[in-house]
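Under the heading region 'Disordered', TrEMBL lists 1-38. TrEMBL lists 49-67, 79-101, 135-154, 166-183, 195-217, 237-257, 269-294, 314-341, 369-391, 397-415, 427-447, 453-473 with the feature transmembrane segment.
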Amino acid sequence: MPRRTVSVPHPNGDTTPSNFGEKDPLNSNGDPHTGAPEEKVELRKKVTLLRGISIIIGTIIGAGIFISPKGILKNSGSVGMSLVVWIACGILSLFGALSYAELGTCIKKSGGHYTYILEAFGPQVAFVRLWVDMIAIRPAGLAVIALAFGRYILEPIFMPCGVPEIAIKLATTIGITMVMYLNSMSVSWTARIQIFLTFSKLLAIVIIIVPGLYQLFKGETKNFENAFEVNTVDLTGLPLAFYSGMYAYAGWFYLNFVTEEVENPERTMPLAICISMVIVMICYTMTNVAYYTVMSAEELLASDAVAVTFAEKLMGNFSVAVPVFVALSCFGSMNGCLFAISRMFYVASREGQLPEVLSMIHIRRHTPLPAVIVLYPITLLILFLGDIYSLLNFMSFLRWLFIGVAVVGLIYLRYTRPDMPRPFKVPIFIPAVFSFTCFFMVFLSLYSDPINTGIGFAISLTGIPAYFIFIHFERKPKWFQKLSDSVNRSLQIILEVVPTEH
């Protein structure tokens, strides 16, 4: 999608030519009359080590650990084996995170999976990933997290009755709007609130772990007797247990979406990723130990919301606070996810694969405003009209397919570009093991749910004709070029955004 020169209205009312990649009269915060120094319009490096850790932890830990860790127990067959799966999935996720740490320090561009696939395998494969993300995965994923937020923020109000669906949808819409507004207004405040929400969810986990371990040290070990009983372990279910576990740890890659905004990325990214993964592994494992101390395997499998059941058994009236903590956790996941994903759209626009306006920055807020709000209408449409959970089933295998492809890209770049600077380098077996795990989960999806997986694959294939229509063919009809320029120009004026200054 080549950049084109169009006319942009000047603040004084004149129309002057402006190139959507060059500096123009709107691109200044300086005062032309006083000669005050101009403030450069760009994304600032505001992601410190603490903020990086909060982005990763705050996005990984969503509602899952509080609501339904029973998928792993059900498919592993025993308490002991489920704990082994939690630890093993944490180690495998750490392998993926370390691979992304290398990619993030040698390819210092934001955009995450999209950027790494673009660098290794070219624009066609990268666009297919971008297309699937844009039309389905990201809006559906955001809607699901927001629905959990809406349900649990209202639960204390409606207890002991159920929450009406329309109330959930309205609370969900408010939650999505708040997150969009926050990310549009300030990078600093987005990061500060993410730190607060991360500490809130870690506090909620501590509130579960401490009483649980206290009961364990008092001698409540009956639920751990015969924990590794062989005849209850279902080997055919273990791959599904790993699938659930890897999904629970998903989110370790989000810091790579904002690489260009990380202070000293060569040091900060590997440190933030390693510290975050160790904290999450410890939290997940100890939380499950606490659950099993208070609840039997049968009680855990029968519970719809494990943390609420746990709190009711151990804390009495304090259990009312658990839904609030779950809602805060979901809000933190939404905030971190949107903060990261908007940067992928920003980078894709900069590469010419999305409309120019998505790579522009607000002249005062220094946020990628268009890239932040682009998902808003699609997410609300899916929320009120779509079958969100079916869409996620279609797309879940595609996430692991493209993450696997990105990590294979690391191995490929080792051989094709051996001279590329690599400030952080992992042993080759780490990306090899992790990419094999990703492709195994893709194969498992094809085996266990061929219909939904096939539909998801078909949706992804629509990215191929879309690439040739919108990107590959440069000679587009004049009416299309005029319409595109007009829309970009109008949005640039309405949103008060300009191209980044280099």
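Glycine is no exception: its Cβ is also placed from the backbone N, Cα and C atoms.
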Original post:
Of the listed stretches 79-101, 135-154, 269-294, 427-447, which one has the most C-beta pairs under 8 A with the transmembrane segment (314-341)?
Top reply: 135-154
Subject >> Contact check, the transmembrane segment (166-183) vs the transmembrane segment (135-154), 3+ Cβ pairs under 8 Å, seq sep 6+ >> reply: yes
Subject >> Dominant neighbour of the transmembrane segment (397-415) in 49-67, 195-217, 237-257, 269-294, by Cβ pairs under 8 Å >> reply: 237-257
Subject >> When counting Cβ pairs under 8 Å to the transmembrane segment (79-101), the leader among 195-217, 237-257, 269-294, 427-447 >> reply: 269-294
**OP:** With the transmembrane segment (269-294) as the reference, find which of 49-67, 135-154, 237-257, 427-447, 453-473 contributes the most Cβ pairs under 8 Å.
**Re:** 49-67
**OP:** Establish whether the number of Cβ pairs under 8 Å between the transmembrane segment (135-154) and the transmembrane segment (49-67) reaches at least three, counting only pairs separated by 6 or more residues.
**Re:** yes
Original post:
Does the transmembrane segment (195-217) reach the transmembrane segment (237-257), going by 3 or more CB pairs under 8 Å (6 or more apart in sequence)?
Top reply: no
